[in-house]
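According to TrEMBL, the protein has these features:
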COMPBIAS  1-11  compositional bias 'Basic and acidic residues'
REGION    1-41  region 'Disordered'
COMPBIAS  21-41  compositional bias 'Low complexity'
TRANSMEM  71-93  transmembrane segment
TRANSMEM  105-126  transmembrane segment
TRANSMEM  133-152  transmembrane segment
TRANSMEM  158-180  transmembrane segment
TRANSMEM  192-214  transmembrane segment
TRANSMEM  220-242  transmembrane segment
TRANSMEM  284-305  transmembrane segment
TRANSMEM  325-346  transmembrane segment
TRANSMEM  353-375  transmembrane segment
TRANSMEM  381-407  transmembrane segment
TRANSMEM  428-445  transmembrane segment
TRANSMEM  451-469  transmembrane segment
Amino acid sequence: MDNQVNDEKQPLTKAVDGIVTTSKSTTTTTTTSNSSSNNNKKFNAYSNNRYSTAVSSSSSFTRLAIFKLTLVNICGGLTFGYNTGVIAGVLNLDQWKSESEVDRGLLTCSILIGAMFGSIIGGIVIERLGRKLPILFVAVLTIIGALGSSFVPPLWPLLIFRVILGLGVGICGVVCPTYVSEMATPEKKGSLGTLFQIAITVGIFVSDVLGFAFKSAIYNYRWMFGFGAIPGALLLITYFFVPESSKWIQKKSQQRNSFLLVNSKNSRNEMGLKVLLSKSIGRFSLFIGVVLAINNQLTGINAFMFFSPSIFESAGITNGNSPMIATIFLVGWNVITTLISTFLIDRIGRRKLMLIGTLVMSTSCIILAILNLLIKGTALGVMSIILLFIFIAGFEASAGPLFWILVIEIFPVEMREIGSSILNAIQWIFNITLSFSFLSLVSLIGQSAIFFIFGGFGVLCLIFMYIYLPETKQDDDDDDDDR
């Protein structure tokens, strides 16, 4: 027998199979058989009591709730950005310049390898253990990895702790954006989601500044590695003040109820890689996600950042610490331009912002590749700096922050954990592959050809996204049938 409760005026209704919740009130409607009504009533009473002020409710999305979600993404992004970016400053120190290219490459890629596996692990743990507990895992792994890296001798013990740190970074890239995406209202989801990328760029900026400040200090690289534990400690504190994701609790309750609703046609207890690959929506979302990963890693951001010192030198910025200072200004520009996405994402939407940013990125790469063939000297250096800053503005306004948001939103709820973790792992694989092969490619085919290749990847991604990328701005996470 069905039970129905009238809601307030014009509620924003969210249906989760046997449970119907509203965003305008804490009233819930249950449409279940007699065999499961008691079970649903117990869950609904619990949900109303605990989440009547949940951040996923529009009427109770308070400043405190926004502050908590902001902390999650900022602490997570700082953990990610600082600990991946600090290696650039470390490798610029005298004691590491003398190391072999193999050892330097291993030190660079150790955290990336850990992050790749951490992304896969992250998808498993957030599906089984919820969103909150993995935040604790990230904090603990970050503190252990960062402090361990600062105390142990090089090289192999250091690599082990960098891999441990990478596990935390990889899980962080899955759990923090997912948690914020599920707990934020649709109108706040985009701007809050971009905070993760903003914090990443801030973390990189801080690591570069500390690399410059500690260049001549005693135990310099140990201090630089050790500071990476600070965002982990902040995330640990944040863990004790945030609730579990209400949507994850609802989904788990629905899965339990589905065992009682034997004859229910709407039961959705299928999970994991099997359902992702067996359904057309899963395969389509995975395809779009791979395009987003390519657009995030293989369209030139690594090339521009790698060549930035030589670009500054070719423009005449060569005296003393001038190239280092110029690089710090570049990373500061990296931070500032990320704010573009925060301002525009909920105004013009994900799709349009991604297409415009990718067009800017691809155009910058192709023009720079052509200029490398036509002109030389200071003129090339000045034009390269201009294109460098334009490219970074395009990347940080689109591909950089939108990747973390879209790899969650493009998947239906039942495929979200495994789908987003796979795409995070894929983008780390692209990052590792590029890190190992980049210098060899440059020496083999030259700088101009590299930018042509990246520009070509950008054009292909632009075409595929123009045809296939959906707008997810106002998607209701629980209304997956409409997808």
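The backbone N, Cα and C atoms fix where each Cβ goes, and this holds for glycine too.
Unlike curated records, TrEMBL annotations are generated automatically.
Two recorded stretches are said to be in contact when at least 3 C-beta pairs lie under 8 angstroms, sequence spacing 6 or more; the transmembrane segment (192-214) and the transmembrane segment (381-407) meet this definition. Beyond its flanks by at least six residues, the transmembrane segment (325-346) meets 187-191, 193-195, 197-198, 201-202, 204-205, 208-209, 212, 308-309, 312, 317, 353, 388-389, 392-393, 396-398, 400-402, 405, 473 of its own chain at Cβ-Cβ distances under 8 Å. Contact counts against the transmembrane segment (284-305), taken as Cβ pairs under 8 Å, peak for 381-407 among the stretches 133-152, 220-242, 381-407. Distant neighbours of the transmembrane segment (381-407): 173, 177, 181, 189-190, 193-194, 196-198, 200-201, 288-289, 292-293, 295-296, 299-301, 304, 307-308, 311-316, 330, 333-334, 337-338, 340-342, 344-345, 350, 353-361, 364-365, 367-368, 371, 375, 419-420, 423-424, 427, 469, 472; these residues of the same chain sit at least 6 beyond its ends, with a Cβ under 8 Å from one of its Cβ atoms. Counted over residue pairs 6 or more apart, the CB atoms of the transmembrane segment (105-126) and the transmembrane segment (353-375) come under 8 Å in fewer than three pairs, which marks the two as apart. Each of 133-152, 158-180, 353-375, 451-469 was scored by its Cβ pairs under 8 Å to the transmembrane segment (71-93), and the highest score goes to 158-180. For the transmembrane segment (451-469), same-chain residues at least 6 beyond its ends with a Cβ under 8 Å from one of its own Cβ atoms are 284, 287-288, 291-292, 294-295, 298-300, 303, 351, 354-355, 358-359, 361-363, 365-366, 368-369, 372, 406.
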